[in-house]
Amino acid sequence: MMSFELSLLSTEIIMAVLGLGLFAVGLILPRGSRQGMFPLTLFALLGTLAYAVYDFFYGGNAAFLQGMYMHDQFAGFFKILFLVAALLVVLSTKNYVAKFQAYRGEFYPLLLLAALGMMLMAGAGDLLTMYVGLELMTITFYILVAYHPNDPKSSEAGIKYLVLGAASSAVLLYGISLIYGLTGSTQMFTVAMSLGAEANTVTILATVMMLAGFGFKISLVPFHMWAPDIYEGAPAPITAFLATASKAAGFAALVRFYVLMMYNHSMAEAGLILLLVLAAITMIIGNLMAFPQKNIQRLMAYSGIAQAGYIIVGVIAVSIASSVSQWGVDPVSAFVDGIKGVLFYLMIYVFANLGAFAVITHVAQSQGSTEIKDYAGLAKRSPLAAAVLTLSVLSLAGIPPLAGFVGKFYLFSAVINQGHVWIAVIGFVMSMISVYYYLSIVKIMYLGDGEGLPEVPVHGAAKFGMIFSMIVTIVLGIYPTPLAQMALTAASSLVK
């Protein structure tokens, strides 16, 4: 049943008003008085997050504008994720943003508009709606990546991201145009019904082009080459937001598109083969390329590439759901298990990664460096920062009893239950290999000689953000039930 009520768009409307309103405030306030942008943004995000949580549990599911936009718990879960990510980034940037004297007023509004674009991607029921959300998110990141006006690396990263991002968007848009040419519609449900059970060459080409476009956004190999340079050159807080929320938005759109593909068995089979190959090479190359890195932001870039490979394993479980009868598994159950694993892991990935980047931001601000060697003796210079970074990278490695272990358990068990044990084995082996380069950071922090390096003071909002990320990472590893139930509810909303 289609309905159009503005109340269903409340979260998106709030974010749009806040983003544009903060731009206006930044124009009105004199440059020396723009410190007030931080508390305004912080309280605005807290209020919006509270509403998004309420909407998730009590808002219900509906489609409106002829299915162009979906108000369901799947989208609601991602709205919470994007707001949590934005909130943690804002908490870690109060002092960092203060040094941007000329551009301080634009930082927070751009962050909110990027989050708005992500929400549009997560809720899109139409390929063009999804593309509009993607472009809103991407254009704001073009600006934010190049936000260091006097840093050549930041400017270079911004130009590279602009050129490569535009190319990937063009590929994605061409894939959408092929689908429109085949079906006469861009509305996902209509497209799914129009494609039928068989696929021709054009259908397969459209699928590959769409997956290539998504692959760029989530840093899948071989569409990952942009990530190391952009992660290294961008301001640390923007790298954090790009590595977490932007990646999650790409997965949200990919999952909705994959549900569309499953109606066409030929497309589903082609997509399954492609994703199996991409997942394997992404996990392997991402982890192996992290070993020689000397810059921590480049290392985290390759870590993020590997993490994308793990998450794709959950999407593979969704793909198998279209033909799992051969394994004696209920397709709906297989579908929900795969999506649940993806959603759970993305949320804990946000906390672990942003905890790590909160430390990276403060070390970069205090020392002016993001080289791993400059983390020597950090445990003595800033015990809290060292503890947060240690727990964050161990969670990313999947070490129990941290949340990352539970997340990988959900992802790998979803495909094991459906017979694809080999891809889970690759994921497990690569997770164990990743422990080496993660522990190399821990080793230099606790055993390295930090003599002559400055203190790394952590206080105020940044301290709270670090502690909160660390606590959530521990608690969700010991007691994952509440988040797992939310992920299950969100996944189930896609099959209602």
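The backbone N, Cα and C atoms fix where each Cβ goes, glycine too.
Features as listed in Swiss-Prot:
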- 8-28: transmembrane segment (TRANSMEM)
- 37-57: transmembrane segment (TRANSMEM)
- 110-130: transmembrane segment (TRANSMEM)
- 131-151: transmembrane segment (TRANSMEM)
- 162-182: transmembrane segment (TRANSMEM)
- 235-255: transmembrane segment (TRANSMEM)
- 271-291: transmembrane segment (TRANSMEM)
- 300-320: transmembrane segment (TRANSMEM)
- 341-361: transmembrane segment (TRANSMEM)
- 386-406: transmembrane segment (TRANSMEM)
- 421-441: transmembrane segment (TRANSMEM)
- 464-484: transmembrane segment (TRANSMEM)
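Cβ atoms under 8 Å from those of the transmembrane segment (300-320) belong to residues 218-221, 224, 227-228, 230-232, 239, 243, 247, 251, 254-255, 258-259, 261-262, 268, 271-272, 275-276, 278-287, 289-290, 293, 327, 334-335, 337-339, 341-342, 345-346, 349, 353, 356-357, 360, 396, 408, 410-412, 414-415, 418-420, 423-424, 427, 430-431, 434, 437-438 of the same chain, restricted to positions at least 6 beyond its ends. Long-range neighbours of the transmembrane segment (37-57) within the same chain, counting only residues 6 or more positions beyond its ends whose Cβ lies under 8 Å from a Cβ of the stretch, are 10-11, 14-15, 18, 22, 25-26, 29, 73, 76-77, 79-80, 83-84, 86-87, 90-91, 93-94, 97, 104-105, 107-108, 111-112, 461, 486, 490. If you look at the transmembrane segment (131-151) against the transmembrane segment (8-28), you find fewer than three C-beta pairs under 8 angstroms, all six or more positions apart, and that falls short of contact.
When Cβ-Cβ distances below 8 Å are used as the criterion, the transmembrane segment (235-255) is approached by residues 74-75, 78, 81-82, 85-86, 88-89, 92-93, 96-97, 111, 114-115, 117-118, 121-122, 124, 130, 133-134, 137, 141, 144-145, 147-148, 154, 211, 214, 217-219, 297, 300-301, 304, 308, 311, 315, 318, 339, 342, 346, 349-350, 353-354, 357-358, 360-361, 364, 370, 494 of the same chain, each at least six residues removed from its ends. Residues 88, 91-92, 340, 344, 347-348, 351-352, 354-355, 358-359, 384-385, 387-388, 391-392, 395, 400-406, 410, 458 of the same chain sit 6 or more residues outside the transmembrane segment (464-484) yet have a Cβ under 8 Å from a Cβ within it.
Long-range contacts of the transmembrane segment (8-28) within the same chain, counting only residues at least 6 positions beyond its ends with a Cβ under 8 Å from a Cβ of the stretch, are 34, 36-37, 40-41, 44, 48, 51-52, 55, 59, 62, 64, 69, 71, 79, 104-106, 108-110, 112-113, 115-116, 119-120, 123. Same-chain residues lying 6 or more positions outside the transmembrane segment (110-130) and placing a CB less than 8 Å from one of its CB atoms are 11-12, 15-16, 18-19, 22, 41, 44-45, 63, 67-72, 74-75, 78-79, 82-83, 85-86, 89-90, 136-138, 140-141, 143-144, 176, 179-180, 186-189, 191, 241, 245-246, 248-250, 252-253, 256-257. Below 8 angstroms of C-beta separation, residues 276, 279-280, 283-284, 286-288, 290-291, 293, 296, 299, 303, 306, 309-310, 313, 316, 372, 375, 389, 393-394, 396-399, 408, 411-413, 415 of the same chain, each at least six residues beyond the ends of the transmembrane segment (421-441), sit close to that stretch.
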